[in-house]
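Reviewing the structure listed below.
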Amino acid sequence: MSRKVLVLPGDGIGPEIVAQAERVLNVVNEKFGLGVEVEQGLVGGAAIDVHGKPLPEVTLEQAKACDAVLLGAVGGPKWDGVDMAIRPEKGLLGLRSNLNLFGNLRPAILYPQLADASSLKPELVAGLDLLIVRELTGGIYFGQPRGIRTLENGEREGYNTYVYSESEVRRIGRQAFEAAQKRGGKLCSVDKANVLEATVLWREVMNELAKDYPDVELSHMYVDNAAMQLVRAPKQFDVMVTGNMFGDILSDCAAMLTGSIGMLPSASLDENGKGMYEPIHGSAPDIAGKGIANPLATILSVAMMLRYSLNAAEAAQAIEDAVGVVLDQGYRTADINSEGMNLVSTEQMGDAVLAALS
Ligand SMILES: NC(=O)c1ccc[n+]([C@@H]2O[C@H](COP(=O)([O-])OP(=O)(O)OC[C@H]3O[C@@H](n4cnc5c(N)ncnc54)[C@H](O)[C@@H]3O)[C@@H](O)[C@H]2O)c1
Ligand SMILES: CC(C)[C@H](C(=O)O)[C@@H](O)C(=O)O
Ligand SMILES: [Mg+2]
């Protein structure tokens, strides 16, 4: 069976990290006989430069026609002045919404070899394995009305709308409950129900859903407390489910528990298992072109792609194991480096993972 993967390297460090992830994909493709065909496309600033917009029709068509998308990152100072309507992020948000990728899984797992790179004391993070389930196609990111308007007194006002329908909450809730069932059986729903009506409804729907999942222990937490608890005692969490913006913020926060944002992969899924896979970090303009970015989050995103969209769990496991091996061997990119370790470039880290795979 042939399976098509669209690769969208994007901007900044995107092409550097995706190059390593693609090498890994090619090797497991051969080794496990997966029949994956890779196609290249443009998104973000790279697409603006060629097509004048961050999500050209051709890219969207490619994305719709493939089984899974592997994305690097988009955006950067070069395109920051571009009119809001065509900002690079629109490319990414457009892809997510057009493909209906509402369920964003962001696992934060501490590799034991990186305990000393974590922002927290080793005893607080030893064995950390939590999953943030972030709603990805609704909430304040997409709510209408939105914009910047001029008031009668001549002052300008920016406004956005935080909105969730019951059905949007229900489908992400189900995904989170099911994830919790397969893991430790604990789900913490994060909201701001003491202030925002949209999240009062969110909480109600989560409580209704809980009746269908008696084997999952549901709790609720306000987002400000959740941010504090994540850095105080992160191991209290198994699965967290939350809206688009809170999930964005909490997942960057969770990244540092594992040592670096360069370690966190993600899967963005529709109802049918089609997905887009990307590291949770951005295009890192401050280190782009230097060959020092950590490619492991992107490589681990390939593993998630194999597991969730390409039905190749064995190949996924091989990649995850290989990452463990290179860390055992002491290979570290700058963001996770510590004394006595073997500091390597982006490409050398890719080499090490390939060596561990073979
Ligand atoms: N999914 C995406 O495409 C995505 C995600 C986040 C931000 N962005 C965009 O990226 C641009 C830069 O945003 P930002 O600086 O706020 O966030 P960022 O995630 O790009 O960078 C934040 C910090 O983390 C570091 N970092 C990120 N990835 C790394 C890696 N793999 N290895 C080592 N260090 C890494 C960077 O060097 C920087 O210091 C913006 O245009 C933003 O909109 C895109
Ligand atoms: C670039 C931006 C639109 C994006 C988001 O906020 O979703 C990013 O921060 C992420 O975490 O994927
Ligand atoms: Mg983010």
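Numbers here mean position along the shown chain, with the first residue as 1.
Here the Cβ of each residue, glycine as well, is placed from N, Cα and C on the backbone.
Whatever TrEMBL says is automated annotation, not expert-curated.
Source: prediction; values computed, not measured.
Look at TrEMBL and you will find 76-89, 282-294 tagged as NAD(+) binding site. Marked as substrate binding site by TrEMBL: Arg96, Arg106, Arg134, Asp224. Marked as Mg(2+) binding site by TrEMBL: Asp224, Asp248, Asp252. The feature domain 'Isopropylmalate dehydrogenase-like' is assigned by TrEMBL to 4-353. Look at TrEMBL and you will find Tyr141, Lys192 tagged as site 'Important for catalysis'.
With a 10 A radius on its CB, Asp80 (NAD(+) binding site) counts 11 other CB atoms from all the protein chains. The recorded positions listed here (Lys192, Asp248, Ala284) include Lys192 as those with a Cα within 10 A of the Cα of Asp224 (substrate binding site).
Proximity of the recorded positions Asp80, Arg134, Tyr141, Lys192 to ligand 3, judged by a Cβ distance under 6 angstroms to any of its atoms, singles out none of them.
Most Cβ neighbours within 10 Å among the binding-site residues Asp224, Asp248, Asp252: this distinction goes to Asp248.
When the recorded positions Arg106, Tyr141, Ala284, Ala288 are checked against ligand 1, Ala284 have a Cβ within less than 6 Å of one of its atoms. Other residues of the same chain near the Mg(2+) site, with their Cβ within 8 Å of the Cβ centroid of Asp224, Asp248, Asp252, are Val223, Ala227, Met245, Phe246, Gly247, Ile249, Leu250, Ser251, Cys253. Less than 6 Å separates the Cβ from ligand 2 in the case of Asp248, drawn from the recorded positions Gly76, Arg134, Lys192, Asp224, Asp248, Ile292 in sequence order. A 10 Å cutoff on Cβ-Cβ distances gives Arg96 (substrate binding site) a total of 21 other Cβ atoms nearby, all chains included. Those residues noted as binding substrate (Arg96, Arg106, Arg134, Asp224) have their most widely separated CA atoms at a distance of 26 Å.
When secondary structure is read from DSSP and collapsed to three states, Arg106 (substrate binding site) falls in the strand class. Of the recorded residues, Ala288 (NAD(+) binding site) and Tyr141 (site 'Important for catalysis') place their C-alpha atoms 27 Å from one another. Each of the recorded positions Arg134, Lys192 was scored by other CB atoms within 10 A of its CB, and the lowest score goes to Lys192.
Gly76 (NAD(+) binding site) counts 21 other C-beta atoms within 10 Å of its own C-beta, drawing on all protein chains shown. A count of other CB atoms within 10 A of each Cβ picks out Ala284 as the most crowded of the binding-site residues Ala284, Ala288, Ile292.
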